[in-house]
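A short write-up of the structure that comes next.
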Amino acid sequence: MDKFSQSPPLRDDLVRGSSLNWTKEKENILKGPFNYLESHPGKDIRSQLIAAFNAWLDVPEESLNVIRRVVAMLHTASLLIDDVEDNSQLRRGIPVAHNVFGTAQTINSANYVYFCALKELAILNNPAVIQIYTEELVNLHRGQGMDLFWRDTLTCPSEDDYLEMVGNKTGGLFRLAIKLMCAESPSHNAHPDPFQRNDYVPLVNTIGLLFQILDDYKNLSDTIYTQNKGLCEDLTEGKFSFPIIHAIRADPGNLVLINILKQKTTDDEVKKYAVAYMDRAGSFSYTRKVLRGLTKKALTQVDEVDAGRGRGEQMKTILEKLRVDRNHQRGVLTPAAGGASIA
């Protein structure tokens, strides 16, 4: 008898590719970075938006729970990847996951959760949701890819290109949630002609732009944001955010700001100088003006979607929370000597 015939047989589950021996302990290992970040929740604007849109869509609770889980999973997983790609140090006031678990394990955890979320959607037994999921995950990666390209090549995008990127990256997860809800809403699908159904996408696109530009604004001007993510983190990342793009394009011949971005500085005084420069360029006042315009547009879209049904109050409450004048901090960041404060 040769030595190979004496070898123990392979377990049947290994031969057949069964996952019966996949244990909770192994699952926790893979999801470690994901669970770490998930245990420190953010403000969860996405759940609030789902609840507000559901006042119109009336999605069955069982389907809505699946959608909530999927959106939460994707959001947290995308933050894990964002923090790696941006070399961030803090997220929600705690060390980023890749500084705790390592970069490779964090990337794998996030990618794993993307597919776990897809498996969750299969519960709905609706082919349309898989198409929606794929489409918006493609959009998310397109947006992220352009954002990274501009940063890594020190290329200042046009405002239109930036808004397109935001529509793909930030708007993608917002749209994903609402499109999934529409696919699972009996009342929404009751009309036989799809072109006669309410279109919620323009509203959610506006909210995505509003949310991201407000986030850009707060990153450079908000003390609470500084506590959670660090002082003017966008400058340290070398990111072309909305106010930064305005300041650079307001005076293309002045290379001060673009050189500060190139340095990816951690020097607080340099960052405060950059903020003062943007303030003098009118970039913060311009950003506030754009945000007010987006809020006004969103409120108009709420009334159009509601069409007199009286179900838009939750959405208006959310928009009130996102109003820039509620988030505007005065005189937060000033250089140690000289320079203008935020007006």
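Using N, Cα and C of the backbone, Cβ positions are placed for all residues, glycine too.
So that you can see what the record holds, here are the features copied from Swiss-Prot:
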BINDING   Lys43, Arg46, His75, Arg92  isopentenyl diphosphate binding site
BINDING   Asp82, Asp86  Mg(2+) 1 binding site
BINDING   Asp82, Asp86  Mg(2+) 2 binding site
BINDING   Arg91, Lys169, Thr170, Gln212, Asn219, Lys229, Lys239  dimethylallyl diphosphate binding site
BINDING   Asp215  Mg(2+) 3 binding site
SITE      Tyr114  site 'Important for determining product chain length'
Inset, instruction - Round to a whole number and give the Cα-to-Cα distance in Å for the pair Arg91 (dimethylallyl diphosphate binding site) and Asp82 (Mg(2+) 1 binding site). - result: 10
Legend entry - Residue among the binding-site residues Lys43, Arg46, Arg91, Arg92, Lys239 whose Cβ has the most other Cβ atoms within 10 Å: Arg91
Inset, instruction - Note down the number of other Cβ atoms within 10 Å of the Cβ of His75 (isopentenyl diphosphate binding site), including every protein chain shown. - result: 21
Inset, instruction - Between any two of Lys43, Arg46, His75, Arg92, the residues recorded as binding isopentenyl diphosphate, what is the biggest Cα to Cα distance in Å? - result: 16
Inset, instruction - For the recorded isopentenyl diphosphate site formed by Lys43, Arg46, His75, Arg92, name the remaining residues of the chain with Cβ within 8 Å of the site's Cβ center, in chain order. - result: Pro41, Gly42, Asp44, Ile45, Thr76, Leu79
Inset, instruction - Please report the number of other Cβ atoms within 10 Å of the Cβ of Tyr114 (site 'Important for determining product chain length'). - result: 16
Inset, instruction - Using all protein chains in view, find how many other C-beta atoms are within 10 Å of the C-beta of Thr170 (dimethylallyl diphosphate binding site). - result: 21
Inset, instruction - Return the member of Arg46, Asp82, Tyr114, Asp215 nearest to Lys169 (dimethylallyl diphosphate binding site) in space, with distance defined Cα to Cα and candidates limited to these recorded positions. - result: Asp82
Inset, instruction - According to DSSP, folded down to helix, strand and coil, what is Lys239 (dimethylallyl diphosphate binding site)? - result: coil
Inset, instruction - Based on DSSP, name the secondary structure state of Asp82 (Mg(2+) 1 binding site): helix, strand or coil. - result: helix
